[in-house]
Structure formats: structure tokens, C-alpha cells
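All remarks here apply to the structure that follows.
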Ligand code: FES
């Protein structure tokens, strides 16, 4: 029996804006992000930070879109540091300058995670939808190092760049990365829309893991490498978000409070921080209580002896692939919908004929919304 009673939120993710100069086709933002353009102002964000901190939140992630677009970023960081948060900026590096890194440092920012798309400039720029992205990212990586931040580099891996793993890791070593996160794309938002063009084959993943093992051996603790396997290749689901509304709290740019970054797509009413306190949202709102405990579970999760380890997997993935968020995550081999994941993997294995990627931008978002109507 899983307890209905969660602890307080420990990890607050502030998605400061959906605006972004890049157009990555695996972005986890909702497909209709262009409809939600009323961003919280500085005071509203600070109230959110304060209320979550009073409840016990200690880690603050600042992401987007591209958080550097927010001109009040330094104010938000300085105030959050003053409240006692550990602050982590999740950025593409575009829009960063040496002066901006200096002012972020002065504001007290603890940690910067920089994302790259590929090790090859042309490939990187095509995926980012920006001809100068690679050069800027390299310069900013050096700058981050110069300001004495641990160098944390994130590559989202997928079918179109995973074969470059050797040069990706070589690049990370050359820029002096302390930590490398090789995160295979997770299929939500834009990534789900582009799934057939992004899902790698099993062989690609195995080769990438072998190369990663070689680099781990060579660099040891000097460059720590995390390789996150796409869950489509697993037979058991991930314990998504460590359980629904158990430690993670995400706030969207327009103030919607979510238990995870993808929940906006679920047919559940989530509260806005404009109307409710964080305390009320976390403990009282039907949205946050929806999948706590196990009374919501259907078979096979309900009687499964692994439910305390994986909580039935990911609610968003269950909804996106089966149409019902209370179903078992179809990644699980026990799920009656497991075939939906298997057939996507089989399609990827059998086809070199890759569909064109749809880049994440306002024009494409509008076109997709129009198609839906
Ligand atoms: Fe929403 Fe997994 S991403 S529960």
C-alpha cells in the first residue's frame, strides 16, 4: 500500500519563459506553448520562491524556454540565494555573454548546465535551428569555466546524433567538462511529435553505451558521465518524478503549478499560483492529489508487487500513449498497451527512411494547433 501522504516539495523548477532563440525538435515544452505567453512577473516569482522555500524546497532550477531571456534573472537569483536556495541555471548558452556570466556570478548563481545539440557544428546548428549556436555555446562553455563554475554539459541523444558519441565525448573532454549528462530524448511535447525521426535503434544505443564505458574508464572522476537510456528500451517503467507530487514542483511561465514538466498536457485541472498559495496547491489541490497513493491504480499496477518501486511509471507517458493517465506506463512489459512502445521501437529498427524533423517554433506551433482544429 502506497501512502497518500507526500512530503513537502524539495525541488522547485521555475520555467521562467517559453521564449527561446533555439528550435530543438525534442523540446519538452507543450506543442501549443505559443498560447501561454502571459509570464509571471518578478514579484509573482519571488512569492512562489518564498512560499516553496518555507515549505522546505531547497533546490531551485531555472529553465524555460531560455531563462536568459528574462531580464530579471539576476534579481530572481539573488533573492532566491538570500532565501537559502541552491540555484541551478539550465541554459542553451544562447544570449549569454561574458558580462552576463559575471553578473549571474555576482547575483550568487551556484550552478550552470549548458546544453549542446551535437559535436559537429553543422549538425548542432541544424538541430538548434540557429546558424551561430555552436560557436556561441563553445565560447560560453569556456566562459563558464573561467568563472569557476563546475562545467556541466548536457547532450540530448537521439537517432540523428547518437552515432557521434565518440566526438561528443571528445568535445566534452576538450572543454574541460566535469560532468556530462547524455540524456536520451524522452518522448513528450515536441519529441513525441518527432518520435519516429528521433528514436534510435537498439544497436545505436548499445554502441553508444560501449563508447561511454570507454570514456568513463579513461577519465574516471575527472569527467563524470551519466548515460540515461531511453525508457522505450526498458521492460519496467521509471519511477517518474520519484512518484507523483512527491518531491518535484514545476511552475510554468504563466503560473500553472504542475507535479512534472509535462503534466500540462493531461486532462486534469491544475491550479495557478496566481490564485492559490503553494501550500494549498501542494496539499489541497485535486490535481496534485490525483495520483498520490495507489487507490487510482488500475490492473496490472494495482496488484503488482513492484508498484512501490516504480509507482506505475509515468502518468504523462501513460496518457500520451494510451489516452488514460491512470493506465500502467506502457513501457512496462506487463502493460496491455506495451505493444505501442514496442511497435515504435520496431519501426525505428526497420527504417532508414527518417521523417523530416519539425522544429519547435511559433510558426510550427500555430500550424500544429490549426491542424488539431
Ligand atoms: Fe509527468 Fe512522468 S513526466 S508523470
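From the backbone N, Cα and C atoms, a Cβ is placed for every residue, glycine too.
Remember, predicted model here, so these are calculated numbers, not experimental data.
Among the features that TrEMBL reports, domain 'Radical SAM core' is placed at 6-218. What TrEMBL records for 20, 24, 27 is [4Fe-4S] cluster binding site.
For the domain 'Radical SAM core' (6-218), the model's pLDDT averages out at 95. In sequence order, 117, 127, 128, 129, 156, 190, 359, 360 are the residues near residue 24 ([4Fe-4S] cluster binding site), counting only same-chain partners six or more apart with C-beta under 8 A. Taking the Cβ of residue 20 ([4Fe-4S] cluster binding site) as centre and 10 Å as the limit, one finds 23 other Cβ atoms among all the protein chains shown. The Cβ of residue 27 ([4Fe-4S] cluster binding site) has 25 other Cβ atoms within 10 Å, all protein chains considered.
Listed in sequence order, the residues 22, 23, 25, 26, 29, 65, 92, 190, 360 complete the 8 Å Cβ shell around the [4Fe-4S] cluster site centroid, once 20, 24, 27 themselves are left out.
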